[in-house]
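Take a look at the structure set out below.
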Amino acid sequence: MQTVQPRSLPLRLPRVRPGGVLPILAILAVLLVLVAIRQPDFLAPSSLMSFLGRSAPIILLAAGQYFVIVSGEFDLSVGSLVTAQVVVAARLIDGDPARTWPVVLLLLAFGAVVGLVNGLITTRLRVPSFITTLGMFLILVGAVYLWSDGAPKGQLSEEFRRFGRRAVEDVPLLGRVPYALMVLVVLAVAAVLLMRSDFGRTLVAVGDNPRTAELSGVRVWRTRTIAFILSGLAAAVAAILLGGYSGVSFQAGAGLEFGAITAVVLGGVALGGGRGAVVGAMLGALTLELLFALMNFYGVSGALRSTVQGAIILLAVAVSATRSSSR
Amino acid sequence: MSALSLLPARRPVPGVFVALTLTLVIGWLVVLVDGGQLFNQSTTVSLLHVAAGLGLVAVGQTLVILGGSLDLSVAYVISLSTLVAAETMNGSDGALMPAIGLALAVSAAVGLLNGLLVTKFRVNAFIATLGVGLLLKGYLDSGYDGPAGTTSPTLVQTLGYQRIGPVPLSFLLLVAVTGAAWFALSRTRFGHHLVAVGGDPEVARLSGVRNDRVLVTAHVLCSLCAGLAGIYLASRLGSGAPRVGTEGLYDLESIAAVVIGGTALAGGRGGVIGTVGGVLLLASIDAIFNQLEVDAFFKQVIRGVIIIAAVAVYARRAMRKAA
Amino acid sequence: MAALAAVTLLSLAACATDEPAASPSGSASAAAGSGTGDQSKFFVQADYDAELGLLDAAATGPADKPWEQVLNPTMVDTAKFKKNGPHKICFSNAALNNPWRQVGFKTMQAEVEAQKSRIKEFVHVDAEGKDQKQIADINDLLGKGCDALIVSPNTTATLTPAVEAACQAGLPVVVFDRGVNTKCPVTFINPIGGYGFGHVGAEFVSQKMKPGGKVLALRILPGVDVLETRWSAAKVAFDKAKVDVVGVEFTDGDPAKTKKIVDDYIQRYGTIDGVWMDAGAVAVAAVEAFQDAGKRVPPMNGEDQLDFLKIWKDKNLTAIAPTYPTYQWRTPIIAALRILDGEQVSNPWKLPQPTITQDNLDRYLDPNMPPLHYAMCGCTDLPGYPQRWK
């Protein structure tokens with residue numbers, strides 16, 4: 001654990017590593033089989049594309065959350081940030097298409113600033129990130145209600161909603177490809193590349209052992225703050241897609257922080273940092289979304305869903321945790 | 001500050017009491033200027049009732065946090081406990097004791113599950129208790145359409161509404177539970193071990209502490225406290241309520257009270273007295289803002305700021321001490 | 001241990017209690033009467049019959065002011081509450097956490113302003129959706145010298161003891177929206193109610209869709225009494241019409257979740273022939289889900305929120321909007337002032353519950369109001385309209 005070893009084992013056996021993506025791929029495969037049995041046409045390109053498109057926001061949030069978690073922190077503010085962004089966007093755009101792009105830029109800046117504040121309070125004032133982001137959660141929700149007198153005002157322009165709602169039609173083989181899916185693919189590739197870069201390795205090293213990282217010349221506080229900014233930016237993009245998908249409401253981001261953290265953990269990323277892959281986190285989110293669709297297809301009673309969800313999370317995490325500790 | 005120095009250096013009176021006093025004084029003045037009266041009987045009674053409910057949960061939460069863990073399932077345990085208690089009592093005094101016993105037993109079982117998941121199965125406490133909370137949520141959502149059962153009239157008359165002067169019986173219960181928890185933490189082996197485990201699990205293990213057992217005990221005690229809060233709420237509401245815990249945000253509010261009270265979220269540092277201070281601070285802000293009819297959303301913003309600021313102050317102090 | 005001793009000692013000494021003498025009469029688990037499968041345990045046949053009867057009842061009162069009208073009035077004497085004004089009126093509010101309550105509360109504030117010559121002070125306390133806080137709030141208000149107390153309870157069964165305690169303090173208590181399990185308030189004001197709402201929507205959907213078609217029922221949350229009654233009445237109507245209800249789903253009021261659910265159902269059944277919902281909050285999201293899937297929007301119900309009325313008109317939907325009118329927030333102020341005048345009021349005070357249909361849609365659709373405004377606010381004659389509601 002003392003040194004960040006370059007991954008150059010001479011002979012890598014295909015065994016399950018802690019933090020690897022194999023378990024989540026297995027779960028995903030099982031769920032896909034279950035869906036295919038019940039609802040074969042779900043796997044048809046067009047419906048699969050639309051499923052991936054509508055899952056894009058939570059997958060992006062999971063990626064953003066991953067950066068923070070792998071560096072050893074938490075971000076509980078993302079759900080409230082999404083809500084705030086959607087409500088702010090509706091009020092500022094107020095149905096005027098000309099304001100779409102300026103507002104999109106503003107939202108990205110807003111997300112980055114919230115991330116920066118979270119990061120600085122956590123790293124410079126040494127407030128545990130759980131508390132920082134919990135406080136930020138309360139502040140954002142309270143402020144956005146206060147600002148809009150308790151009910152969202154204004155409305156999003158069709159241009160704004162296009163990103164989350166529309167698709168490129170008549171693509172050969174795939175049918176219609178949602179814009180959200182294209183945004184997702186681009187950002188997912190960017191996230192993977194980022195994690196392979198020097199910054200990515202530093203991020204994992206910081207989460208693994210901040211003291212060692214500090215001693216080897218890494219500015220831990222800066223790395224972690226950047227992770228928070230990335231999470232804020234991811235929340236901004238997710239808000240743009242989500243607002244586009246379903247319009248403005250105070251419920252837009254409710255509970256997304258827990259969803260994102262669950263997805264990250266399901267994807268084999270250790271809370272506390274230093275272990276896991278960004279691909280795993282994103283697959284975790286996809287699995288969670290597929291699980292919800294599956295429950296729709298199988299007609300699981302709405303009230304029992306949380307039990308199923310809780311059981312699967314506990315099972316998945318307990319199995320992977322006991323396995324990694326028994327090695 | 002000289003009075004403080006008489007106390008053992010390891011456990012200084014947390015700054016939360018300074019903040020509490022300041023809040024009450026300023027609040028009293030502002031309310032007075034506004035033409036009201038902060039410390040009239042009915043307001044004080046209401047304040048202490050709110051504090052009693054949150055306080056019982058927060059004291060339990062302090063124990064797990066001291067041990068370096070966390071419990072996000074308390075809100076659901078509270079709801080479950082109100083239902084178990086009220087449905088077992090079913091409006092009669094005869095079943096009072098069995099009902100209380102059963103409610104506490106069910107709560108303790110949830111705590112045991114939490115504890116085992118965290119220790120034996122090595123699931124991160126955040127995920128473990130979140131997952132257990134979801135299990136309970138599903139049970140509550142599918143099993144109940146609304147309030148159910150009827151609390152025994154005796155319990156309603158005593159724990160629910162009885163008071164001595166301006167002090168409700170329930171607040172005295174909180175005082176008693178806090179006293180017991182303080183005693184357990186500072187005078188028993190369990191307490192010392194718990195703090196040791198929260199401070200550095202590796203060191204604790206090497207010095208012969210059975211970490212798992214200590215943490216499981218803390219989780220069981222935390223759930224028991226939540227169960228007790230549930231029984232109190234059942235006595236207050238007159239029936240079991242499947243959403244009273246989540247509506248009251250007892251999970252996040254209890255954690256907030258703990259950290260405002262000076263307990264470190266990472267574990268190993270803090271105590272229950274500070275937590276009660278944190279609870280009283282939150283309840284006082286509620287009472288003052290109620291008097292001034294301040295918008296609930298603004299209150300939420302203020303709460304967020306206070307939580308962050310309080311912890312930042314503690315962190316600064318800890319850094320200075322270390323330097 | 002010292003604390004325990006103190007408890008025993010003190011309880012032997014001065015004792016005082018806020019507990020009302022009458023024990024809480026919480027009969028929360030009302031008998032299920034219909035026998036139609038898994039009927040909600042909130043379903044009460046007698047209440048259902050009464051509410052459906054009220055749908056056709058003629059209202060007494062000024063025709064252009066539905067908030068002052070009463071269905072089947074039974075007057076009670078209030079002479080003992082007669083008092084000289086101006087008055088201090090206190091209001092314990094369950095919550096302000098959704099647009100319906102926001103619009104309602106603004107309407108109430110405007111009514112207070114309209115009556116400002118008679119009200120010297122209006123105290124409002126928001127319980128933020130917490131039973132425990134509302135009980136404390138009511139207790140708190142009792143110490144403030146209010147002339148009348150208005151309560152909008154967060155939960156029926158659990159707020160009953162607190163309301164009983166307030167009645168015993170001697171001031172007139174007016175309850176509205178949700179009720180309490182006690183007869184002690186001077187009057188209980190609400191519109192016809194959830195059975196009426198659910199029935200109107202379900203009947204419309206089952207009549208307009210093709211026979212034997214598939215209906216998707218979208219609900220906000222389980223276990224909320226006003227919403228439970230809506231669904232249980234709809235269930236009775238659907239059972240009677242022999243409609244195939246393919247799913248009953250909870251949306252949490254989240255439009256994104258709603259779209260996903262509707263999308264999955266369209267996928268699973270190929271087509272959905274009718275949509276029923278227990279509240280209008282996610283109606284537009286459901287409509288969009290059909291549009292985005294390239295399907296015709298089936299007959300459905302929404303509520304009187306303007307975003308739904310607008311898309312109904314623009315897209316020419318086959319729709320209906322039963323309402324739970326926000327104008328009921330005006331009535332408690334009017335009732336409280338009448339009681340303080342010693343005038344007779346009706347108890348219960350049942351307000352009419354109009355339905356928006358294709359025929360009167362244009363009358364309620366004001367494109368200048370915000371999307372989440374409720375058309376049935378009865379607020380156009382109040383001070384500050386329309387700015388206050390924007």
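One-based numbering along the chain as shown.
Each residue, glycine too, has its Cβ placed from N, Cα and C.
Just so it is clear, the model here is predicted, and its values are computed rather than measured.
As recorded in TrEMBL:
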type: TRANSMEM; residues: B:12-33; note: transmembrane segment
type: TRANSMEM; residues: B:45-66; note: transmembrane segment
type: TRANSMEM; residues: B:95-116; note: transmembrane segment
type: TRANSMEM; residues: B:123-140; note: transmembrane segment
type: TRANSMEM; residues: B:160-185; note: transmembrane segment
type: TRANSMEM; residues: B:214-235; note: transmembrane segment
type: TRANSMEM; residues: B:255-285; note: transmembrane segment
type: TRANSMEM; residues: B:297-315; note: transmembrane segment
Fill in: Non-local residues, at least 6 beyond the ends, that sit with Cβ under 8 Å of the transmembrane segment (B:255-285)
11, 13-17, 19-20, 23-24, 27, 47-48, 50-51, 54-55, 58-59, 61-63, 65-70, 174, 178, 181-182, 185-186, 195-200, 299, 302-303, 306-307, 310-311, 314, 318
Response to the item:
Same-chain residues at least 6 beyond the ends of the transmembrane segment (B:45-66) with a Cβ under 8 Å from one of its Cβ atoms are 74, 78, 125, 163, 166-168, 170-171, 173-174, 177-178, 181, 185, 194-195, 198, 215, 218-219, 221-226, 228-229, 232-233, 236, 248, 250, 253-255, 257-259, 261, 263-265, 267-272, 275-276, 278-280, 282-284, 286-287
Worksheet item: Does the chain bring the transmembrane segment (B:297-315) near the transmembrane segment (B:95-116), so that three or more CB pairs sit under 8 Å (pairs 6 or more apart in sequence)?
Response: no
Worksheet entry | Folded-back contacts onto the transmembrane segment (B:160-185), same chain, C-beta under 8 angstroms, at least six residues removed | 41, 44-45, 48-49, 51-53, 55-56, 59, 62-63, 66, 151, 191, 194-195, 221, 225, 228, 232, 235-236, 238, 271-273, 275-276
